[in-house]
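S.K.: Per Swiss-Prot, the features are:
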{"type": "ACT_SITE", "residues": "S679", "note": "active site"}
{"type": "ACT_SITE", "residues": "K722", "note": "active site"}
{"type": "BINDING", "residues": "G356, P357, P358, G359, V360, G361, K362, T363", "note": "ATP binding site"}
{"type": "DOMAIN", "residues": "6-207", "note": "domain 'Lon N-terminal'"}
{"type": "DOMAIN", "residues": "592-773", "note": "domain 'Lon proteolytic'"}
Amino acid sequence: MNKKSLPLMALRDMVLFPGVIAPIFVGRKKSLQALSRTTISEENNTKYILVTLQKKFDQENPSKHELYNTAILAKIIQIVKLPNNTAKILIEAVARVKLSDIKDEESFEANYEIIPDEEILDMHNMRSLVDNAVQLFNKYAMNDKKVNTEIIETINKEISNKTNFINIINILASHLITSLETKQQLLEETSPVKRITTVITTLTSNIVNSETEHALQQRVRKQIEKTQRDYYLHEQMKAIQKELDEDKSELADIEKKIKSLKLSKEAKEKAESEFKKLRAMNQMSAESGVTRNYLETLLSLPWGKYDNSKIDINQAEKILNRDHFGLEKVKERIIEYLAVLQRSNKIRGPILCLIGPPGVGKTSLVKSIAEGMGRKYAKFSLGGVRDEAEIRGHRKTYLGSMPGKILGQLKKVKTSNPVMLLDEIDKMSSDFRGDPASALLEVLDPEQNSHFVDHYLEVEYDLSNVVFIATANSHDLPRALSDRMEKIYISGYVEEEKLQIAKNYLVPKQFKVHKIKKDEITISEDAILDLIRYYTKESGVRALEREICALTRKALKQILADNTVKNISIDSNNLEEFLGAKKYNFGLVEKEDQIGSTTGLAYTEVGGELLTIEALAFSGKGEIKTTGKLGDVMKESAMAAYSCFRSRAPNFGLKYDNYKDFDIHIHVPAGAIPKDGPSAGCALFTTIVSLMTKIPVHRTVAMTGEITLRGNVLPIGGLKEKLLAASRGGIKTVLIPEENVKDLKDIPPNIKENLEIISVSNIDQVLKHALVEMPINKGLSYDL
């Protein structure tokens, strides 16, 4: 070859020797550039390239000074392009060369000069050295299965030709297990004798290391096998011994508990009988597991364990007032209940049942009662329960059987006299698995619950010291169950009570949860009132607490997002900036007096509402139509009001001989909301009279009351909520049934001060105060 300059490629982890064929993966940019610049030799139509080892393995882009000058001239046999701009080449090392004038540009390029081997002077000695090296290599190959058999065959083939000593030395050198630096030194060595001597020394070292490692592995393997066998046998022996000891120890513990616990006579006899069976059983049998579980359950109940509670009604009252605002009647009845317990120290009174809409504090009241009595609190949620086994338990014969939740709660609180909440007692149902309401009869009957028998235990357990308190959203309970309980109705909070609860409880609670500093966020009273009126519609305060939480979060976000904002004041003017548009609206008084339109008062589970009732007359057949999603009772009230009006038409100076020629349509707005009840009778009657006499109704007058066909006004419920709605809506005068006057003592003073409350006993008194003028003896006839 005449050309003395070729592209140069640096290798990371390989030293090639002349005569060796090797594959190389090419991925670095300079190496790929060098590969692309190779040209076909004119002499033999072949591409050549220079390859050399770089001095530092981890160098990604070595400079020309970081390359060894002793390199290999290689012939490129094959180039295969791979994905990701890489390639695989197969090269044959042709000769050892000395590099000079290395150029470091886009790729390496260098001049080269072939380095010849020194002449072998003593061929006989060389033959002996090579034979020795080959024998060592064969021995090494037998110990190390990684050496390819083809390499051994190639070496044996070359040794038969006495002139190929150099090739044999190079092949042996390329397969030595040694450092890259040692291999590079072998490449640089020009003396064949010195090279073969180094190869023999390295092979000898490799064989010794391999034999030592192999012997060590054998010794370690035998030791591990022996250790594992000994460990397995030892652990098996320990497990067997432990099982035997544990069984004995566990049986001894069960026997000790039977003797030490204050079991009833019946329970002790049952426990001893079951224990005798267990001791005689095979401890690995399934039946022994059932018996063991039964005994563990029986002995884990708090037999004879009672909290030493001392009831102090003054302290209990303080706790109730601390945790709950308002609810005075409810608190008073609870204190009376506790007073009886304090004096008698025995529970024989009725079971309390707190009935009210969600969120009014029924569950938290029971917690406060437990704290006031100094007893533990247990809760049994009955919502959705339809299997009586939840109360009485499953019989032992069933797979996975367990005691009922009543005893389960006693086991949990570890006392036989807790305060137990029976939550959502109205939401039980029954199916083919039984009626849980009937199962509760025994639990709640003071004459029976001292002998309560759970199906799982099959022995009596005394529940007479448990204080049972139930809660419900509806008074619709099975009669037998209802008969065993004293119902306390919680009507819900009025606006003023919600305001005080928010100021004194909810806002401080949310500020504490969100780590609000003093004076960092202030929420005005009018903002809280707007929250109650326009963002919540409930009888309790759960939604109100959620809105206060949202308000606090948004205000805190503003403070943290803007360092210039140190505090935020929230009032009714900027409330919508935080919570968006108002969600609800309460009724407001009409802007002017209207004919055929009257303001009634309604009571819903979320409080009182103004109820507008309007009517029109048109040609027809003398019928009365009602719309607004009215219930049957309210429709009947409309019919009664119309009949009452027609019977009294002559008193108003009206002729009724043409009533069959027109229809009256009564509508109650908010048609999507169901409405029912008899208390709109007065308002319906007044609306019809106003329509037929064409006399307006005072816009600031609202009314409530059921009427009879004879015109008498009957009492209604929900007076407190209705009066609050009237006061809130701008009403000045409210007409109420005379029989409801006794309920005014429960109305907050501020509401009574804002309203003129007039009691009425008949519809004539209603018309006197409701209509702008009385329609008497006017000689009117109704014309369309």
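Cβ coordinates come from backbone N, Cα and C, glycine included.
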S.K.: Provide, as an integer number of angstrom, the distance between the C-alpha atoms of G356 (ATP binding site) and S679 (active site).
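M.R.: Between the alpha carbons of G356 (ATP binding site) and S679 (active site) there are 21 Å.
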S.K.: Suppose you look only at the domain 'Lon N-terminal' (6-207); what would the mean pLDDT be?
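M.R.: Residues in the domain 'Lon N-terminal' (6-207) carry a mean pLDDT of 82 in this prediction.
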S.K.: Within the same chain, and leaving aside G356, P357, P358, G359, V360, G361, K362, T363, name every residue whose CB is within 8 angstroms of the centroid of the CB atoms belonging to the recorded ATP site, in sequence order.
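M.R.: So the additional residues around the site are L354, T471, N473, I490, G492, S539, G540.
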S.K.: Within a 10 Å radius around the Cβ, which one of these binding-site residues has the most neighbouring Cβ atoms: P358, G359, G361?
M.R.: G361
S.K.: Ranking the binding-site residues G356, P357 by other Cβ atoms within 10 Å, which is at the bottom?
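M.R.: Among the binding-site residues G356, P357, the lowest count of other Cβ atoms within 10 Å belongs to P357.
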S.K.: In whole Å, note down how far the CA of K722 (active site) lies from the CA of P358 (ATP binding site).
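M.R.: That comes out at 19 Å between the alpha carbons.
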S.K.: Starting from each candidate's C-beta and looking 10 angstroms out, tell me which of the recorded positions T363, S679 has the most other C-beta atoms.
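M.R.: Counting Cβ neighbours within 10 Å, the top one is S679.
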S.K.: Nearest to K722 (active site) by Cα distance: which of the binding-site residues P357, K362, T363 is it?
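M.R.: Checking each of P357, K362, T363 against K722 (active site), the shortest Cα distance is to P357.
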S.K.: Going along the chain, which residues six or more apart from K362 (ATP binding site) have their CB under 8 A from its CB?
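M.R.: Those within reach of K362 (ATP binding site), by Cβ under 8 Å and sequence separation of 6 or more, are L354, G356, T471, I490.
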